[in-house]
Structure formats: C-alpha cells, structure tokens
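Remarks on the structure that follows.
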C-alpha cells in the first residue's frame, strides 16, 4: 500500500489551513494516487492540462479560426447525464432526507464509499481544487475544495467557479469550506493504458448534509463530477441556507431596465426544458426595454441591511444544454460561445467546428457524431446527444450585466415560478402575498402527456424546480420558504408570479409566441411593481387586464389572448383536486399553511360559480 510519505507533492501544500491539509492527506492515504497537485487556476496550468487531455485522447482542439481556445470531448456512452437514481442525501435521520430523495444510513454509506475509494486513484494524479461559489469577498459567497483525479474536471471547474489561488487565499488558515471528493473510479495498474473517458459502471453521488460533505464516484460527467454545481450550490447550500436563514435556489437572475431607465432584478425558477436559459438571455421585442444576464441557473439570496433580498449567481460560467440552442431560440447563447469553450457530446464538422440539432436550420452535409461515427442528414439518430453540453465563461455573454460580479449582490424585485403547461395555467398570475407565492412554487408541474379537450394531461410535479436538488426534506423546504417570508419586512419582499409560456390550443398550437415576446409579460410585472399596470382579481390571483398586457406588434388572436388571461373555473376545480395527492407525498411534515392555501383556493373556485 502507498503511504502518504510516498505520494509526490503531498508535503508541499501552498496553505497553512490545518484542517484542509489534514483532509487532503487523509484522502491521499485512502485513494493512493501517484502524485498530488494543488491547482492555482492559472492559464499556464490550463494549457498544460488541456495538452495532457489532448495527448490522452480525451480532448480534441477545435479550429482556432472558428472557435479560439476551444475543445471537444466525447464521453463514454454510459456516462452522459446526472444519475438521479444514484444520487443520495445521507442525513443522520431518513425523515430529514424526505420522500423525494434517495436515503441510505450514513454509516453504511461511508463504509461503502471507503471500500470504493480505497486505492481508486492509483496510477493517477490527485488534483486539489480550491474554489469560491459567488464573487470573491462577497458575504453571500462560500468556499469549497474539490479533490478529483480528472483533469477534465479541473479545467471545467476553472470555467464554472472562481478557482485556484484566489479562493485558497480567501480561505486563510481556518476558513469554512465544503469538502468534496470526486473519483472516476478507474485506477491504473503499472503499464496499463488509459482510455479517453475513464469512468465506472458503479456510480454514487452522495451528500452528507450535517457535515457538509460531498463524495462522488464513478462518473466524469458535469453534474456528477463538477461538485460546485448542483451538489454544492443547491443540495448542500440549501441545507446551509435552511440553517442560516437564506435561500439557495435553482433560479436564473435577470436585470430589466424599462424605457424610463428604472432597473428591476427578477429571479425565476423553471424545471428543465422550460426556457430558463432563454429567459436569462432574453432579447426583448418591446421597444425601449433592455434585458441583461446576471445568472442562468442558480441564485443564492440573503437579506441585506435594508431589508431587501439580495442575490448573487454563485457560478462563473454557463454549463448549458447545446441541442435546441440556436440563432432562433437564443442568439445571445450562440454569441457567448465564440471561444474559450469546452463542448461535450456534440457533433464535429469537417472543418474542425462543432454542431448540434437546433444550431442552424439545415444540418451540414457530413458530420462526425458524438459516438465518433460518420453522420449525414439521412442518419437515423441525432448527431449530438440530447444532453450534449457546453461549458463557457459567463463573462463572455454579450448581455452579461455589469453587476453580475458585484459582491453585494442585486436586490430582487420579483420571483417567477413556472412549468410547461399546455392547459389550465394562465400566462401570468400575481400572488397577493408571499404565502400564496410559496403555494404557487409548491405546485409547479409540467404536463408530460397531451390532454383531451377540457381536461388536464398527466402532470410531473417539480416544486420550485428543486425536486432533484433539494438537500433535505422538501416539506421542511416549503416551511423554510414560509418562515423566510414571515421574518422579513413584508413591504420589501419580492412579489411572486406564476407564469406559463406553453399554453396550447386543443389542436396543440402554442397560444403565446414566447422567447423575446416574454418581455411583454415582464413589462406588465414591472408595471405591477411600480403601481402602473392594471390587473383583475381571479380565484387564482391577479391577472393582467387585456388592455394592460402590451401586445402591439405581435400577431395574436383575440380569443387566444382571452384564453391566456382567463382562469377557467371548471378546469381549475379539476386542477385543485390533483393537489392533495401531491401534498400527501410529504405526509405530516407538510406545512399546514399550504393545506390552508389549497382549501382557500377550492372555496374561491366554488364561490366563482
């Protein structure tokens, strides 16, 4: 067995943080790497690691004239996405993980992990990656250290976080950090050849909420391996937020400037495939309005001394789904991707560029698909994997707001919730108070099947868009949101809105144009915040009057607008009947206030007859 004394680089730690140094030594003794490297985040380090990855066959450098300083990687076909069935919240008590998370006894899990991690880095380098989630020096930010045996993870963390020496200096000699251990689970014996994408068929993505630890084994894919992202910024941070009185949320942050020059910041939570990145990079079709991006995926929010809720984007990059991203849907994302990007599981063109479905209207005549095969438009499979990804610095976005790295954060005026609903849910509804807003967040769903006329399709609930990402019992999470509202100055809380861009006609036609025209809904929301936009009370909440929604310049039929801005009482009676089944999932821990909200909705619907 390799001892710590035999591991090259272990005794040259560039820090006097005793707990960190002891932890690195402990993991090195367990995993037995050939050497240890402390990452500084420098360009020289990035160049060295990308050269190493090219040599190993993991990366291909793209055409520098087309995509400067950009790289392509193809994963193992069995390692292409987050593995929710292998993701665990190992709280001390099972009930603290709740019914929506996988739980195993933490002592049992630790024993399993110790067995898997024993010797798992043999023949490899162990990289120590200090990183900061959020702007360096912000009171809203927090630090972490990831140990990994994947240089692909190191270069990706350099894009996605503030990584290296600045984060290590911020940590000082005794600062708090979240320890995150990652291994591909692919040790190399002496003389054994490596593969381009090492991984293991056994996978565990494990969180220990009480000790704020993350252990990930067997996967090299982003969400499972870049442990600052979902693992820390949502699962562990949501527990920290519960304990410390703040919010860690799966939300974009958007800066909106009205024609009068007034600025509002909006946070929005949508499940996957509901247009979050598109809204974060919105190009308004309304004349005089400007939209800028603060964040596209995660928001950390704390109350400021003035009583307002301030948000930072804890990430430094975008880790986006490539397919469906194009000039028609998200031109700002396309312009962000001019260079300094890592593409995973997209297709490659004959001239050393990348392509994916949705990038252009017509595909190239020939490609190399994500599995390395020749591809033509006649091929039966997509050229890019549906979950193909790009990793790119956020600062390259042409609409990035100057405030995106402000350590003070930005004050949030409104919070939006929404799913992909073909039926029932109006275009936009204002909650009269915070509690109704929490109720809206708790019932977010997307329709997974088409509905018959006058009925509702099968719903997949994703409350607050946090179902895969909440690090503790979701009923307690709802209670935390309610408590945050109760403790705050009610006059300074953000207003809450329930939006739905995806309403369809009975024939399956979208009623709302969406994309840049969603700025029209945001304009009404800003009007509500400023007291200038008219609304009408409904059993659900306040909807725009037809005259209050600015629809000049878009082709929308009068009856479609009527449908979008109406609460159909009979359909909502059906909708209300579906909520108890969802709530009963959470048992007795569900806050009574949400049952009260549900009962009040039923009463308002019955009174509306």
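Yeah, the Cβs are placed from backbone N, Cα and C, and that goes for glycine too.
Here is what Swiss-Prot says about this protein:
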type	residues	note
ACT_SITE	274	active site
BINDING	82, 221, 222, 223, 272, 387, 388, 389	substrate binding site
BINDING	230, 250, 297	Mn(2+) binding site
BINDING	273, 274, 275, 276, 277, 278, 389, 420, 515, 516, 517, 518	GTP binding site
Other C-beta atoms that fall within 10 angstroms of the C-beta of residue 82 (substrate binding site): 20
Candidate nearest residue 273 (GTP binding site) in space, where candidates are the binding-site residues 221, 387, 388 and distance is Cα-Cα: 387
Pairwise Cα distance for residue 230 (Mn(2+) binding site)/residue 274 (active site) [Å, integer]: 18
Number of Cβ atoms other than its own within 10 Å, given for residue 222 (substrate binding site): 23
Check: same-chain CB within 8 A of Mn(2+) site center, minus 230, 250, 297: 229, 233, 234, 298, 469
Per-residue Cβ crowding (10 Å cut-off), top of binding-site residues 297, 517: 297
Neighbour-count leader, CB within 10 A, recorded positions: 273, 274, 388: 388
Those binding-site residues of 82, 221, 272, 387 having Cα within 10 angstroms of residue 517 (GTP binding site): none
Subset of binding-site residues (250, 297, 389) lying within 10 A of residue 277 (GTP binding site), CA to CA, in sequence order: 297
Rounded to the nearest Å - Cα separation of residue 274 (active site) and residue 388 (substrate binding site): 17
Additional residues surrounding substrate, by Cβ distance to the 82, 221, 222, 223, 272, 387, 388, 389 centre under 8 Å: 80, 81, 319, 321
